[in-house]
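> Grabbed the feature section from Swiss-Prot, which reads as follows:
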{"type": "ACT_SITE", "residues": "Glu205", "note": "active site, proton donor"}
{"type": "ACT_SITE", "residues": "Lys337", "note": "active site, proton acceptor"}
{"type": "BINDING", "residues": "Gln163, Lys337, Arg366, Ser367, Lys388", "note": "(2R)-2-phosphoglycerate binding site"}
{"type": "BINDING", "residues": "Asp242, Glu285, Asp312", "note": "Mg(2+) binding site"}
Amino acid sequence: MSAIVDIFAREILDSRGNPTVECDVLLESGVMGRAAVPSGASTGQKEALELRDGDKSRYSGKGVLKAVEHVNNQIAQALIGIDANEQSYIDQIMIELDGTENKGNLGANATLAVSMAVARAAAEDSGLPLYRYLGGAGPMSLPVPMMNVINGGEHANNSLNIQEFMIMPVGAKSFREALRCGAEIFHALKKLCDSKGFPTTVGDEGGFAPNLNSHKEALQLMVEATEAAGYKAGEDVLFALDCASSEFYKDGKYHLEAEGRSYTNAEFAEYLEGLVNEFPIISIEDGMDENDWEGWKLLTEKLGGRVQLVGDDLFVTNPKILAEGIEKGVANALLVKVNQIGTLSETLKAVDLAKRNRYASVMSHRSGETEDSTIADLAVATNCMQIKTGSLSRSDRMAKYNQLLRIEEELAEAADYPSKAAFYQLGK
């Protein structure tokens, strides 16, 4: 039987040493599902609430004992006895139990931990891997990875405002080959940084955080590292940026302190267009502030036909906000972060809405991660065709990549690696 007989949460630590919620769900059959929740550094204003204790005497106020208590009491009482296969029903019970738009009572970290653990338990009970349990028996694609090799912004203590500089191995024939390509470029970049006297310490997501004079210098380093590893930038490898523009948008201007310049939204769109013209950039995330819809419209009109424009802080994995963006014709891709919305069911709804409107989806980690690899299975289950889960270092990032290797091995000949077809909204 797949009825839930026990739900138990605990406080564990994430990759930054901050508390987060882990949950175990036990079924009548004796199987157990376990899941842990990630946490972001640069967060969208409209994200579901991550409930923290606020007690400055514990973990500087970042404890999650209240969220744990909500799981072990209200949520457990509401869900024990329900069939774990009823994922949508279970998630809806938690949504109604919380009673707010942003999971403000129970905390999205509480509801998501339970939601993911229920899915894992149900998959185990059915004898299926999680990606098959959630994705069904149809054909599946492994995702093209966005590998964060240079960190800036909120993810590093350096001079760069743009938060992530990523490589995408589009010339690979398999995920295994793509991972090898990324790792070889990562190590070539480390040697290059070392030779130029830059520190080779890594940021929150495993990328290097050199103190550079400009964003162009970071992109040029990536070109050099790609070539040093034996690959061609623009053919084997394309670049992606996460601007996280909301972090440097103040008083109606985009302030690039590293370059000593401030831009209006029209000027910043031109700045980004200049980078696209000079470097092989295929994807730009959060190119405008989350509330600058005018700027997003300008950017989409300027670059949306040839570059993937990803809404993260803009859409916060929320189907209602995504629907508004689709109606207004802004961006052309959705970044998918399960903890932005707080349940698996709502996450899957957002991905489905994006697909139906020819918006690409990019499954994503957070900067504060755990060893939980659920998003790897989700990327395959939803046929997202793209995943963003950090650099080629730190076990919290590699856990996702290694799970994708296992999935590709299990799927064997049925595993497709989409390469440039991952950018289907651009007609690639």
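Cβ coordinates come from backbone N, Cα and C, glycine included.
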> Between Asp312 (Mg(2+) binding site) and Gln163 ((2R)-2-phosphoglycerate binding site), how far is it from one CA atom to the other, in Å?
13
> Counting distance between Cα atoms, which of the recorded positions Gln163, Asp242, Lys337, Arg366, Ser367 is nearest Glu205 (active site, proton donor)?
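Nearest listed residue in space: Ser367.
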> In DSSP terms, helix, strand or coil for Asp242 (Mg(2+) binding site)?
strand
> Which one is it, among the recorded positions Asp242, Glu285, Lys337, that lies nearest to Arg366 ((2R)-2-phosphoglycerate binding site) by Cα separation?
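Closest by Cα: Lys337.
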> According to DSSP, which of helix, strand or coil covers Glu285 (Mg(2+) binding site)?
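In the DSSP reduction, Glu285 (Mg(2+) binding site) maps to strand.
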> What is the maximum Cα to Cα distance, in Å and rounded to a whole number, among the residues Gln163, Lys337, Arg366, Ser367, Lys388 annotated as binding (2R)-2-phosphoglycerate?
17
> Restricting to the same chain and to sequence separations of six or more, state which residues have a Cβ under 8 Å from that of Asp242 (Mg(2+) binding site).
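Set apart from Asp242 (Mg(2+) binding site) by at least 6 residues yet with Cβ under 8 Å, we have Asn148, Ile162, Gln163, Glu164, Met166, Glu285, Asp286, Val310, Asp312, Lys388.
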> Let me check the 10 A CB neighbour count of Arg366 ((2R)-2-phosphoglycerate binding site). How many other CB atoms are there?
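Counting Cβ neighbours of Arg366 ((2R)-2-phosphoglycerate binding site) within 10 Å gives 26.
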> How long is the line from the C-alpha of the residue listed as 'active site, proton acceptor' to the C-alpha of Ser367 ((2R)-2-phosphoglycerate binding site), rounded to the nearest angstrom?
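Each residue's Cα considered, the residue listed as 'active site, proton acceptor' and Ser367 ((2R)-2-phosphoglycerate binding site) end up 11 Å apart.
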> So which other residues, same chain and not among Asp242, Glu285, Asp312, have a Cβ within 8 Å of the centroid of the Cβ atoms at the Mg(2+) site?
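For the Mg(2+) site, the extra neighbours are Gln163, Glu164, Leu241, Cys243, Ala244, Ile284, Asp286, Val310, Asp313, Leu335, Lys388.
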> Out of Lys337, Lys388, which of the recorded positions has the smallest number of neighbouring Cβ atoms within 10 Å?
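Candidates: the recorded positions Lys337, Lys388. Fewest Cβ atoms within 10 Å: Lys337.
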> Among all chains shown, work out which of the binding-site residues Gln163, Ser367 has the most CB atoms within 10 A of its CB.
Gln163
> Using DSSP and three states only, what is Gln163 ((2R)-2-phosphoglycerate binding site)?
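Coil, per DSSP.
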> Between the recorded positions Glu205, Glu285, where is the Cβ count within 10 Å the lowest?
Glu285
